[in-house]
Structures are given as C-alpha cells and as structure tokens.
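> According to TrEMBL:
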- 9-246: domain 'Starch synthase catalytic' (DOMAIN)
- Lys22: ADP-alpha-D-glucose binding site (BINDING)
- 300-442: domain 'Glycosyl transferase family 1' (DOMAIN)
- 501-526: compositional bias 'Basic and acidic residues' (COMPBIAS)
- 501-767: region 'Disordered' (REGION)
- 540-551: compositional bias 'Basic residues' (COMPBIAS)
- 569-579: compositional bias 'Low complexity' (COMPBIAS)
- 586-598: compositional bias 'Low complexity' (COMPBIAS)
- 605-711: compositional bias 'Low complexity' (COMPBIAS)
- 720-747: compositional bias 'Low complexity' (COMPBIAS)
Amino acid sequence: MSDNHRKMNVVFASAEAAPFVKTGGLGDVAGSLPAALQKAGANVIVMVPLYGTISDEYKNKMEHVAEFYVSLGWRNEYCGLERLVHNGVTYLFVDNKRYFDRDYPYGFFDDGERFAFFSKAITESLQYLPDGFRPDILHCNDWHTALAPVFLREFYQGMPLYENVSTIFSIHNIAFQGQFSAKVLEDICGLAHIPAAAFQLTCGHDAVNFMQGALNYSDAITTVSPTYAGEIQTPAYGEHLDGVLRRRREALQGIVNGIDTDHFNPETDPAIAQNFSVSDRSGKAICKAKLQEELGLTVRDDQPLMTMVTRLTRQKGMDLVTYALDRILSNGVQVAVLGTGDYEYENALRYFASKYPGQMAARIQFDPALSQRMYAGSDMFLMPSLFEPCGLSQMIAMRYGTLPVVRETGGLKDTVIPYNYETGEGTGFSFANFNGDEMGDAVFRGARLFWDNHDAWNNVVTQAMNQDFSWTRSASKYMDLYRWMHPEVPVWVPELEEKPEEIVEEPKTDEAAAEQPKAEEVKAPEAEAPAAKPAPAKKPAPRKTAAKKPAAKPAAEAVEAAKEETPAAKKPATKAAKPAAKKHAAAAAAAAAEAAEPAAEKPAVKTAAAKTVARAVAETPAKPAAAKAATSKTTAAKATASKAATTTKAATKATAAKSTAAKTTATKAATATKAATATKTAATKTATAKTIAAKPAVEEAASAVKPSAKAGMKDEEPKAPSSSVKTATAATKAAAKPESKSAATPAAEKKPAAKTVSSARKTQKRR
C-alpha cells in the first residue's frame, strides 16, 4: 500500500490486556482500546508478556514468529515473540519463562528487572515485527513499559527503522510509578554511564523512578481524563511528579476511557434477571426485585437501592462511607456493597449489615456476574473516591439506568453531569469536598428526587442511559493525537476509502453519455452491417424498422418522431424551407429534412469535411446553404432537383439548399423511410438515407457524382458540397440498386427512385 493510502501503524505496549490477563482497569483499556483504534483506521499490534497464567486455550492458538536476545545490563536474555489474532487485533506475547512464567503478573522482588526486560524487549522487537510492520507510534502504558521511550532514545537513535517512531506514555494511575534501587541503572538498565539518562531517571538520593523517565523522554503524555490531567500537576495529586508534569504540561492531555458497550448492554446482558432498554425500562423493576431478594434485602420498589462495586480502600472513599452509613440506612435508603480490600473496612461493612438487616447487604468477595446484576438492579451507585483517574463503574452504572453519586474528582467529574433542579438536566449527583456529610447530602438529594418526583427521576435516568461512553469516542481522540504527531500519514477511514471508486465511476458514465449521446449507446446491440466502423454500424437496425411498416404512417408522424429525437437540428432545415415559392414543395422538403435530422452524426463521420463530430458538420454548411438559398429562385425547385441525378444543374442547386438536411441524415433511417412513403420528396430522401448508411454505396456514389458536378457547376467550390452531391447521387443509386442491407424488398426501394426522376422532370418544366 502506498504512503498516500496506508494506515497509521501503532505498537501498543501494556503489562496486561483482557481477556488474557487482567488485574485492574489497565487490562480493560488494553483489551478494548486497540480494537477501537483498529476500527478508527489504524494498524495496531499489542505487546504483552506471556504470563504463565494465560489460558492454554489462547496459548495453543499462538504462532511463533521470531526469537532473539535482549541485552540487559551485563547479560543477554532470550526473547521469543508469539502471535495471536484476537477480535481482529494482532497480539504479540513476549516470551521469557524466567521472568514471566509465574503465578501472578506483579508483586515479586525482581519486578524492576522483569519489566526493564519487557521494556527493552519492546524496543528491540520493532525490528522483528511480522509482515514488514514499520511503526509510526509506540504507545506505552504505566510504569511497566515506562523505560521503552528511554531505551528508544538512548540506544536506537539514528537507526533508520526508529527515526520516525514517536512515543506516547499514558498514565493510568500516578500512584504506581515503579521506584527501585539506583543499582538498577547499571546492573539492569545499563544507563549509569549516560549522565542525561541517569539524571532523568533518578529521584531522591538512592532511587530510580521508571515513570519519571517516561515523562521526560516521551514525545507526548496522556492520562485518562482531562480533570485528572490538571490534578496531577498539583502537589496534592502529583505524587512528587507534579514538577515534571508542570514542566511538560504542553505535552500533556487527558482522554477519557470508554467501556465495552457490547458487553455492558442491558438489552442483551445474559447475567441480569430481565433485559431492558432506554425506551422500555419495565425490566429494570424486575431486576431490582430479584436483586433485593438475592441479597436478603426487603423487596420494596418504593425504597431507593444504592450499591457499590469497589475495592475497599481509602482511595475509594471508604472512610466517608463508614462515617455516613448510619445516617443513610436509618432514613430509608437500602445499601449493598460488593468487593474486597482492607480488613478494617471489610469488618465495618459486616457490622452495618448485621445492624440493619433487610436494609444493608455486604458481599466481601469478587463476583463479576453479581456486579452486573447490581448495576442493573439498583437505583443509585456510590463512588466517593479520594481521587479517581477515570473510573469505569460510574459509566457502567449509567449504561444500566443507575444514577451515580460521585465526588467531583478526576474522571468522575468529567463523566457525571450533576442534576440541575432548575433545568432538569443531569445524569447523576455529586459533591465537591472529601467530606462524609457532603456525601450524605448528595445521597439524599437523589433519594428525595426518587421519592418526590418520579417524572423528573425518569428523565434523569433517560439522559444517563443516552450518554455515549463507547471506546469509539476515545479512539477518535487518540487518533487525533497520532495524526498530530505524524501529519504525513493521511486520514484513513474505511467508508471513505470505498466511496471514491463509486464517485469516480459515476462521472465517467456521465461524460461518456455526454460525448456520445445516443449513437454510441445503441451501436453495439443494433450493429448488423458488415462494416467495422462504429458510425455506420447503427444503420441496419433502423432500416429493419422501416421495412416492417412501409408507407404505414403519414409524413406528419414521421416529422413528429424526428422532432422528439433531435429538436436541436430543426433550425437549419426550417431556414432552408422558408424561401420556398410553392407551399407544397416546401412542406415536403421540410418534412423530409426533419425526418432525416436524427441521422446527422453518421454522414458527418463519413464526410471528409467534418470527420466524427456531428455538430460541427451541421454548423459548417449552414452558411453556404443560406447563401445558395438566397440566389435560388424557388426552394421547391432546389428540393426536387436535388433528387434528380440526371440533371447536374438541379443537383448543384439541391446541394446548396439541402446541404444541412443531407448532413443530418443517418442515425434514424427508419423515420426517414416513413416520411418518404408520405410524400414524393420524402421518399427520395429516405432512399438517400438508406443508401448513405452503406459505406460501399456512398463511395461509389461519390465517384460517380463528382465528375458530373464539376461539369455542370460554375460557382460551386470543389469540397463544400461534396457530401450533398453524394447524397443526390446516392438517391439515384438507391433507386437503381435496391440491394441495401435492410429488410426492405427491392420493389419497395425502386418505386421511390422512379418517383424521384419524374419529380425532377416536373420541376424543370415548371421552371
């Protein structure tokens, strides 16, 4: 594929990717965003470690594509690449059993060495990508891949393959930075002898920060929401990296994550009790009743049910929850919590469940299917996080018609619109400060709306369910960033790639029709003449039509048919007929001329003066025709004399009077034949048109007429009337030689010839 039509090539590196391995939100992102980028017009390869925990179902489908050694400090480590295509996306698994064949992805003493190897393997493997894949973008995620931009700049700079590779580093949670002993610089990374790299990676006196290195070396930095991008530039949220982020704020932007809208779909979700949609939410009431029954809560549809699906940590706001639960439960709001975490919070939840039976349920476990039922069956969803880079639960809750109650931080602020009592707009309820009382107030704002104004509540639910949280929206913003970094790569959209072919074909058809209006279209199916030329090939079919109905219609019908076919050719014939002295002869000449008008193009092809363009032939003789018509005493005499091959003088005058009409005969010989049976003069012209259609006849007529024309003409130019003389001679030829290739009988063709001779004699007597 040429550069003008190729896609953006992206290598997406992550320590986890669903469905192969997942411990948190990073796995969801790496499992969904690449597929959305692929649909948005990018070629994506996802690189993930080949953990021992990956299912054999996937391992058995993998294909070995490359193996090489990675230089890591003082050692060389084996690296294999295993390929698997899943949901249209290519995944490359980095194989090294010493580092990755373990029971868990993280949490080992040598994590620094393990993921330093992974980062180096990413950069080294760009030389071994299948199908000649040359990356434009290397997109790294979180600290596990943070050293890849550092290695790319320090060890591969100047190599042709790496020159145009731009790097992006995405922060999913700045609290996890990858800090290790400074020994890692030399023993593992091999960067201690590079002062600039050592300085960019070192934090404190005796520590190396992988994420800090990525922030300093990457071309662009993203995080998972615009609000979080601003928060991490402050000391309160920056986790000691706020200074670096402020310095690189021009390269930093926030892009909200999406959710898998096919998986989290209340219309098709098999895990919930009853499917429902935004237009028909009757199934949600059933889901609520079933959930209350499953959790041991009192089954009541007039009480709001608020749920939480979360990790039980301080970061998730569990301090606020334990502080406000008494107030919430004692005032008629049911609460159910699903999750695991810190021991103190687990015990606190068990205590409240025992204190408020039927009002409070605590499930200290991890159960994805139950979480789906809780999203679908509850009225409100609580997320009082201390900080939340993006958050997915609030988006899933809205997808199922459950209104979130959130603290205004990070992605929660960017995705939840607080309910406005004045306008009725909103998708949930929020509070600003990390305070238990403010959280309780927000909960009861939602509860009061549920109790007091069901119409307003339903309106908010509708607005929440209509929000677009698909990965398509997020992928579009990432593609904009990629194109900003590589403007030379054109925008590639599959729909637009197909349309140009259709758009190009249509104009070609129109142009062809404009250049060859009707003659070319009927040429192929009706060509019966042996001649190979395209122009006369049309003639036989019209003659067949004329032969089937000889002398069946009057000349008036023939004239009307000719008018419908070629209205533009009428004017020359009409002008030639105006000066007529006798009305009958003029009418006959006009009828014959109009009947022969559609055939203007083919004689033009044969005439040496006008080659192939019929319009030029019709216009060129117009002036000589007018001049001759002015000098002639009667148009009727000219019209009649043009048919008489024996009288040279009459033929000359007929040439001047009928030069336009003769050059407009050929395409519709059938109409001319009909006109010929109506009047004597029309019959003669029909014979002329038929004869002209045959190339051999025309050539013989030309050779026969030219000498006689030169003998009887004094003022005529040798070339201008050539086609007219041929026409007159052709009339005589047609009368004498009825062997035309039409289906007409010889007798039918001889009669018009006899009439032509008698008509010419009568004209001479009148003069």
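Glycine is no exception: its Cβ is also placed from the backbone N, Cα and C atoms.
Nobody curates TrEMBL annotations by hand; they come from automatic prediction.
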> Going by DSSP, give the three-state secondary structure for the residue listed as 'ADP-alpha-D-glucose binding site'.
coil
> Inside 10 Å of the Cβ of Lys22 (ADP-alpha-D-glucose binding site), count up the other Cβ atoms and send me the figure.
15
> Please spell out the DSSP helix, strand and coil residue counts for the domain 'Glycosyl transferase family 1' (300-442).
58 helix, 30 strand, 55 coil
